[in-house]
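In what follows, a structure is listed as structure tokens, so that the remarks can point back to it.
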Amino acid sequence: MRDPGIALDEAAPDTRARAVEVRLTQMGLGLARRFGDGVGGRLADRVLRVLSDRHPRAFTALRDMPEAHLLIDPVDAPAAVLLRVGPRLALRVCDRDGPAHVAVDAAVRGPCARLLDLLEGRIDGDALFFRRELVIEGDTALILALRNTLDGEDMDLFADMATAAGPLRHALPLARRHAGRMLDLLGIARRAAPPPLRWGMVALERRLGGKPQGS
Amino acid sequence: MDSFELICPAGNPAALRAAVDAGADAVYLGFRDETNARNFPGLNFSREDLAGAVAYAHARGVQVFVAINTYPQAGNLGPWERAADDAARLKADAVILADVGLLAYAARRHPDLRLHLSVQASAANVEAIRLYRDAFGVRRVVLPRVLTVPEIARLNAEIDIETEVFVFGGMCPMAEGRCSLSSYATGLSPNRQGVCSPASHVRYEPRGAALASTLGGFTINLFGEGEQAGYPTLCKGRFLSGDRPAYLFEEPTSLNALELLPELKAAKVRALKIEGRQRGKAYIAAVVAAYRKALDAFAKGQALPMLNLDAVVEGGAQTTGAFKRAWR
């Protein structure tokens, strides 16, 4: 949920559209983890390349930093993200404890929605920390440098990724505008579906999200 | 009614745009080095950034002030003098300075550049302020956050330059520019290196159900489960006094002097300042918009609106700070 009085941009997705984006992010992390370093790695490279192209000031600054590894852990997602800053800037999806073969210098943990808001500068990181919604471990200067660098951008993860989707990018504002209605229709469809199909849909969602059965 | 000027922080170009769009009259910022008191990793403006910031702000009738408010190191005046030169060259509306040597340099080299005295100079009495005015042509003084409103009123009655006071944000309860607490614990200070409690020396670690914050190896606070946290500064550390852990200097809390607008106006304060160049642009947009709304209502003689800024304040608490501190 967005903090009252903190939303920056009236064109930003509303609460329900945002909930969909958060769920898609969680599912995307789960899928990338399942695909492994091959396909998952290429997906992460693609995300990084698109964001770098869209926000050169920030990503040049990240490349100028000394090499370090930062774990970004959405605690309600099935996987985390490891960001390597420095000249060999890289992004990888990994286990929530971080990859076994890499020494992690710092970690940021919090709900996926909060981390997404933080990435996009829609919420103040200090305020999250004061309220204990964000846990930070390790090299505080590294975390602060990343936060400050990204906050200097007007980043919108889904809009930025949509720009790389050719003509489909025009669908995003439409989808955001009608997200609430679409969710209502999906809910109606789900309730109307016969129980075996409904259970199948729930199981599929869980598998995509990487959450264990029965959780 | 003559309005207050609203002076707002920006730690990066996006934050500056947020401040301008939310209703700032002026935005203050610093260069990306030790010449300003918010020299934090990833924060602040390059020269190119400043040029863009000035263009954006001036196009919307908003001023830009450049804080060059640390104390130059002996034998290494270069970065501070270059900062003043570049601020003048890039058409900043004022520079905010603390060091007398730098004030003398700026007054001599850039006679048309407006000089403001930083809170870091801790000028809190009539004689000090008159000296800065007479010697360097300082046009405005940012008062330290240790004065009560009646003290400010008495001061303004005896000086003829503008005063600016902090009304919202992080509290610095010390004599600013003279505090060595951070330096004692880390070897780095806001006065020389532009960093109070540098992040490089801060660690957070779980201790049982509590969260410990350490600075330079010293444990300075233990936040219980669910307890709101604060900045890792020694002045807001919780220490054992006898057998009881207590905040000996100041609690984690944010200044909010909104309710004092009538008194500050009567005290002839010219400008109100929001703290927080280190904060995200979401904080800046929210706080500036809230204060803009309040100042507009105040200027029209309307009731001050209730501002819901609880979500962004340190420690989840707000105070009027020294403005109303009864024990003083």
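Here the Cβ of each residue, glycine as well, is placed from N, Cα and C on the backbone.
Keep in mind that TrEMBL annotations are predicted by a computer and have not been checked by a curator.
Residues annotated as [4Fe-4S] cluster binding site in TrEMBL: B:Cys172, B:Cys179, B:Cys196, B:Cys235. Secondary structure at B:Cys235 ([4Fe-4S] cluster binding site), taken from DSSP and collapsed to helix, strand or coil, is helix. Long-range C-beta contacts of B:Cys235 ([4Fe-4S] cluster binding site), restricted to its own chain and to partners at least six residues apart, with a cutoff below 8 Å, comprise B:Cys172, B:Pro173, B:Met174, B:Cys179, B:Leu181, B:Phe249, B:Glu250.
Summary: among the binding-site residues (B:Cys172, B:Cys179, B:Cys196), the fewest other C-beta atoms within 10 A of the C-beta are counted at B:Cys179.
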